[in-house]
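Chemist: One structure is given below, represented as structure tokens, and several questions about it will come after.
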């Protein structure tokens, strides 16, 4: 930090007082000026007044010092001065020395010689510079002045030193026989300043005796022999004070004789006293050092041992003779454990650096025999004096045994505390006055008081009043020494005022003088035991009363061989004997049927593989620790018999030894009569249930058969040329028939579920195909209402699962049907996702959700909708119809799959029904990677954001880029900028411009041709002929009914450049036409309506097919034998021979080269039905009602070469 000139002046003055050498340096010559420079900032310095006067300039202000100096000095010398100052910072050893020229105020030249002295900081770095200046003079004059100054200085120093050191001078003139004393000498003798000493009187000041004799001897030798002397002697001052002095004398010769003796005289009383004190302290320290039982070591700052006491030698196992060797060759580093050395070094260094004045450290040290000991070291730093070096004095104490005792004491204390605190019994220390001193957790828990609350109580406060006297009496006897301990059962009052029974054990702790200190109490909670004992006593009393009061239950106690010991009232009433007649004289075998005992013995003998007879028949199981419960026949005193349920158990004593048996028997005559009646009623119920089941099966078959005809023929009729009114009527008939069939199926399913007879199949299922079929079932109804139907199946979903496809489809149809039923506008979406299950490679968790934008459900009705035959409210039933079974059946089916329906709904906004199911999946990719080179960039136009997202995700899966537009106007804006698309997918139903209007604009206004942009039109229902014609006119490559599947989408993309005559059906199926082939198809069906329906549909699908009909299975086999067949539709329920048997017969008649596809016709898909069909040799099965699309798909599948 830059300091002001005045600050530098103050620093210089302080430095001058501290540093005598600087003062001496400055006063060697006569000076004409002084500078004090800051080496950190060259050019910044303080200049004294003499300098300004010497160079003839007035003294400037602090801030103008440098400028005034720069103005006065010659330019070259200015630079030279500053360079020399910098040099003193960088190379201080070269110093500052030079001659410089200045101009005074009259412009006269002044020459100054300058010398510098570098000042170093505490880190020995140069930081200040003192420069002295003097003018050129006559050198001789300078030297003379210098000598005069030195003499004056020496004289002044001499007088000052004499005064401080109490040194005087004396001189004895032997020629003139007089003595001269200086002022200091008189002051030492405590005489007046005008006192004139004489030789004799001067000698008499010395203490009489040896001292006086010694000074006479020394003075005589100086006179006679010319010997100088220097002695320390004691004088008695004029005031009678003893004074130690040091006297020195030196003879002066003239002409070979001593004529004068002069010398110095110094008061050394203070030093002598200090030496005496030091000597005494030294002797005392040496005694302590040598005789201390604690080790003491004096160690130099370099770590070398200066001295050690005998206790240390003994502690470390050295002998006395080893001491010199130890002092010479050992440091503490040779003895301390290596792991403790670092810490010891740190503390020692802090001590030496005076960061601390002492320390205490516990470390491990080695004895000479290698044994480790634990030592406590107390060390302090002793700074050096003039005649001694700095050192560390250490006290070393072997605390190995002490530490072990402390550790043992701590361990015992912890053990006691642990045993006390964690004892399962209540533990306490109680004062002689009854106050709780310490309690454990168990006691606190037992009595409900916190530990803090206990400390404010006495044991008397919580002792039951009537138990206190006995406790105090035993306590007194213990204190008086009449007993060592005592135990008692007593009652305590819990904090909640309930009674706690305790078993108290008390011991008294006394001190070494046998005076009592406190009690140790142990309290076991015996409340349960006491109460159990009371309850047992009460139970025994009750049992005695019960035995006497029981009048309809026989209780008989026997000894080990069956002789009666107790016989209750119930036994008397049931058997007709009196207790006094049978006790001690009667064996229980007399009341039993001998044949029953014999038969029961045979059964037990066989069961236990040993011979059992007689009384052992009753007690064999009780002897094994069990009880025996069996029906027996009792014989009354009058010889009549009645059935009883007899339970026999063993009676054991406290040693678990059997001392007898007790038999408790109940008259079961009425029960037996009831059982007989129940068996008869059950037989009737079984017969009735069988009749009901047969009736229900027959009725369901009879009802379904005409319904199947209605559904099948209306389906066919709607595919003919009907006007709009006729088509609408047919649609209503078909829908009503379907509704009636669904109602019958729902009721049958619900009945099976309620009876627990519905089971699930687990077959490999194509989930994507199943969902497509499901959507196909309900999409007509959705499109009729103008609803968007979305199918969102993630490409990451596993396609092939093992599930009951029929029941899964039933659940999805129910949920989607409900969503469409209760949605007037907007959309319905089926969404499927799956995720892995941790630690399970085969199964995955599938989540199905059906979302709609319908009427929603009020929160208070959310649970009600799952009840059978219930809907949200009666108005819903009236408006939308339905049985209310759909959700119930779906939920029950999901329960069979370990799942359940969840619903999230908001009134007037829509609902989401969802469920999660675990399915085993097929290993491998569900959707092979789609990499098409034909299409890289697609424009999607749809006002439905959800549908946009689904299409974008599908295309992204196939690594196809896409751009989306929310309406036709946005699409035109995109295309007007640039058409870099390989395909456009356009929705039909959109605001502003519908799909066909947008396509017309693209083709006619933007003039984008079909080669430049192929177009796929998506629509939600079958479009009319006019629209179809417009599609052709506008070169629409594909028009597809929504929702579109991912595999379908990529099939279309891969055929985007195919011949335009290729139809959608041809793209989505494989095979070739064979118009010349004659196909023979057999229909085995006993119902004429179904015969005609099947025949009509097949003729529609295959107009040139030859169709034959068999009314039963036997005729079907005959036809097979009589003509070649390409396909057989086989009803499984037919008279004479069933479809199963007929199929098995046909398969036995086939040779190895032929295999005719046989398709089962079943009323409903039941558990095991598919397996039975396949086991019988059938290839597939379809459920009634038979409709055109089902037959068509089946023929495609099993006759790929047939004419489509």
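Each Cβ is built from the backbone N, Cα and C atoms, and glycine gets one as well.
So TrEMBL has the following annotated:
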- 229-280: domain 'PAC' (DOMAIN)
- 281-355: domain 'PAS' (DOMAIN)
- 412-482: domain 'PAS' (DOMAIN)
- 486-538: domain 'PAC' (DOMAIN)
- 533-584: domain 'PAS' (DOMAIN)
- 628-680: domain 'PAC' (DOMAIN)
- 698-921: domain 'Histidine kinase' (DOMAIN)
- 937-1057: domain 'Response regulatory' (DOMAIN)
- 987: 4-aspartylphosphate (MOD_RES)
- 1080-1199: domain 'Response regulatory' (DOMAIN)
- 1131: 4-aspartylphosphate (MOD_RES)
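Give me the local environment of each listed feature.
Modeler: Note: the domain 'PAC' (486-538) comprises 12 helix, 30 strand, 11 coil (DSSP; helix = H, G, I, strand = E, B).
For the domain 'Response regulatory' (937-1057), the number of residues in each DSSP class (helix H, G, I; strand E, B; coil) is 52 helix, 24 strand, 45 coil.
Non-local neighbourhood of residue 987 (4-aspartylphosphate): 941, 942, 943, 944, 947, 995, 1018, 1019, 1042, each in the same chain, at least six residues away, with C-beta under 8 Å from its C-beta.
Spatially close to residue 1131 (4-aspartylphosphate) yet at least six residues away along the chain are 1084, 1085, 1086, 1087, 1090, 1139, 1160, 1161, judged by Cβ distances under 8 angstroms.
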Chemist: Using DSSP, how many residues in the domain 'PAS' (412-482) fall into helix, strand and coil?
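Modeler: Within the domain 'PAS' (412-482) the tally stands at 41 helix, 13 strand, 17 coil.
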Chemist: Return the average pLDDT for the domain 'PAC' (628-680) as a whole number.
Modeler: 91
